[in-house]
Amino acid sequence: MAIKVLVVDDSSFFRRRVSEIINSESRLEVIDVAVNGREAVEKAKALKPDVITMDIEMPVMDGITAVREIMAASPTPILMFSSLTHDGAKATLDALDAGALDFLPKKFEDIARNRDEAVSLLQQRVIQIASKRAFMRRPVARPAAATSSARPLASRTAAPAASAPARPATTKFRASGKKYQLTAIGTSTGGPVALQKILTRLPMNYPHPIVLIQHMPATFTAAFASRLNTLCKIQVKEAQDGDVLQAGVAYLAPGGKQMMIDGRAGAARLRIIDGGDRMNYKPCVDVTFGSAAKVYGDKVLSMVLTGMGADGREGARMLKSAGSTIWAQDEESCVVYGMPQAVAKAGISSEDLPLDRIAERMLVEVGLA
């Protein structure tokens, strides 16, 4: 049976374009369209689609409000379309907070080298998030924004970013006894929510630097880092060339670039480079993980989270060869079980963990719990 899709956009041209692309894949079927958020909410209840594609800026009711109402009344996997502007980035992150699973730029030429690649990407994203239809999450409950430009106080409540329903803490974690000097986390589809859930649970005194590699457009990473910084007790920043890695600071790889680590453990710096056109991902998890293995050897605590494809597998292999620790997010809590599956199937990860317990496991491992 085909995956049923509801297409929501106030542009008749875009509704038609998206519908044609979706209907050209035999596994997909557009069952209806909506021209604004209010209509989308009503049709989501009545038609019960498997996936909804949603514009952000629409009359009557905007896409973010529509996502919140749909997730409250009839939770459905939602793929957002957004502009590649700073405001578009902020709105997209709001939509992910509200419960949307993934996003794509509205200008397809910005996400692919040719039309065929763009068509395939849209179709695959819809198919991937449709698999979460029977296991939908609730929207993120965000804490109130800080009233000043300073980072929130350590006593501030962390945002319980959504994922799998919380599991009972039946397993008591034990530290391995290894010593670490760096934490490295790589992710793609579903990563913004996953990273928010993990990072908001880390204390200000987290004992070493954190490098974050999230597949994301260049215009989105600054907005994402800024948002995380307002929500987290640790400092979060978009990485810049020459940054000296400091304990308790998370460095988000800038979109459209590669992030590498240079120097020696304890005095390492970041190099931000273009990386050429040979790499499929910018930023690429393999690139950062590989450089971390060379600089830190067996002193890296690394994680591969939800995401499509296999980026991170080869970098994780290098980390394991150097003696470092690699964990993977488990299938049930992933939006897309691609990157973690690649690591787990290759026998590289030592533990497969549910998202809602990764932060707890990290704190035990580094001696803070």
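The backbone N, Cα and C atoms fix where each Cβ goes, and this holds for glycine too.
Going by Swiss-Prot, these are the annotated features:
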ACT_SITE  SER188  active site
ACT_SITE  HIS215  active site
ACT_SITE  ASP311  active site
COMPBIAS  146-171  compositional bias 'Low complexity'
DOMAIN    176-369  domain 'CheB-type methylesterase'
MOD_RES   ASP55  4-aspartylphosphate
REGION    146-175  region 'Disordered'
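A simple way to gauge crowding: the CB of ASP311 (active site) has 27 other CB atoms within 10 angstroms, across all the protein chains here. Across the domain 'CheB-type methylesterase' (176-369), the prediction's mean pLDDT works out to 96.
Its own atom aside, the Cβ of HIS215 (active site) has 22 Cβ atoms within 10 angstroms in the protein chains shown. The DSSP secondary structure for SER188 (active site) is coil.
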